[in-house]
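Just below is one structure, and these are the notes that go with it.
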Amino acid sequence: MSSVKIECVLPENCRCGESPVWEEASNSLLFVDIPAKKVCRWDSLSKGVQQVTVAVSSVALRQSGGYVATIGTKFCALNWEDQSVAVLATVDKDKKNNRFNDGKVDPAGRYFAGTMAEETAPAVLERHQGSLYSLFPDHHVEKYFDQVDISNGLDWSLDHKIFYYIDSLSYSVDAFDYDLQTGKISNRRSVYKLEKEEQIPDGMCIDAEGKLWVACYNGGRVIRLDPETGKRLQTVKLPVDKTTSCCFGGKDYSEMYVTCARDGMDVEKLLQQPQAGGIFKITGLGVKGIPPYPYAG
């Protein structure tokens with residue numbers, strides 16, 4: 001096993017960094033900072049960062065150019081060049097206190113994202129207010145289920161037959177049977193229950209071997225899981241507690257990028273963890289990821 005190396009490549013001081021996604025065309029990492037209301041794009045070659053100010057919670061690539069993003073309770077198209085936003089669809093119209101959280105595009109180009117109630121403090125909120133949705137390429141929206149606490153990590157198996165999903169306060173990584181043709185999900189079950197020291201499951205991605213990587217909020221780690229056996233295969237600890245999400249990137253998708261947060265940390269904790277809110281790169285994992293899918297609409 002090659003030796004794992006962890007470095008803070010961008011000391012960004014994100015209040016809550018989330019939704020990392022690799023953009024191969026520009027050798028860049030996209031990510032959002034939810035409380036700071038911004039989408040950032042970090043150029044891995046020049047090390048420069050560009051940003052657009054918008055009340056965003058997740059961002060994804062778009063096949064026709066530019067990006068899609070979840071903003072408030074809206075699915076939107078984001079034009080990076082002129083920083084304009086076009087609303088594609090709105091959800092949860094009856095829930096004024098809700099917002100989208102994490103989102104990701106499926107292998108057929110649908111943009112999945114779930115909602116939650118606004119937090120009063122990190123991971124403190126009115127429960128069961130969220131739902132899971134997807135925006136189809138023709139811009140119509142399907143709702144899958146409600147009663148969600150904090151809609152979080154999502155990804156699909158390599159054969160596209162299983163959809164993986166995290167509702168953070170269930171402390172579980174769940175799987176559904178997935179129909180790629182229709183986007184329908186069924187047969188929900190838990191494939192991994194987090195242990196106490198792993199804390200709260202947050203963002204998630206899949207690797208080229210079909211194993212899941214889950215960022216553990218307050219747990220200061222990403223864990224690698226085998227969704228077929230329900231076993232944890234590997235733990236990578238980071239020098240920050242509030243790890244939020246992860247994705248693979250770099251020219252051959254052998255690098256892992258991890259976002260984290262600093263909101264909710266007191267002065268003493270911030271002194272102990274000066275890199276809190278930074279963007280981390282992990283190399284030497286010995287496994288690669290797969291490219292993100294772009295939204296097809």
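All residue numbers here begin at 1 and follow the chain in the order shown.
Even glycines carry a Cβ here, placed using N, Cα and C.
According to TrEMBL, the feature domain 'SMP-30/Gluconolactonase/LRE-like region' maps to 16-261.
Neighbour density for Asp202 (divalent metal cation binding site): within 10 A of its CB lie 29 other CB atoms from the protein chains shown. Marked as divalent metal cation binding site by TrEMBL: Glu18, Asn152, Asp202.
Listed in sequence order, Ser57, Ser58, Thr70, Ala113, Gly114, Thr115, Met116, Gly130, Ile150, Ser151, Asn152 are the same-chain residues at least 6 apart in sequence whose CB falls under 8 Å from the CB of Asn101 (substrate binding site). Here TrEMBL flags Arg99, Asn101, Glu119 as substrate binding site.
The active site, proton donor/acceptor feature in TrEMBL is assigned to Asp202.
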In angstrom units, rounded to an integer, how far apart are the Cα atoms of Asp202 (divalent metal cation binding site) and Glu119 (substrate binding site)?
15
Rounded to the nearest Å, what's the C-alpha distance separating Glu119 (substrate binding site) and Glu18 (divalent metal cation binding site)? Just drop the number here, would you?
15
Across all protein chains in the structure, which of the binding-site residues Glu18, Glu119 has the highest Cβ count within 10 Å?
Glu18
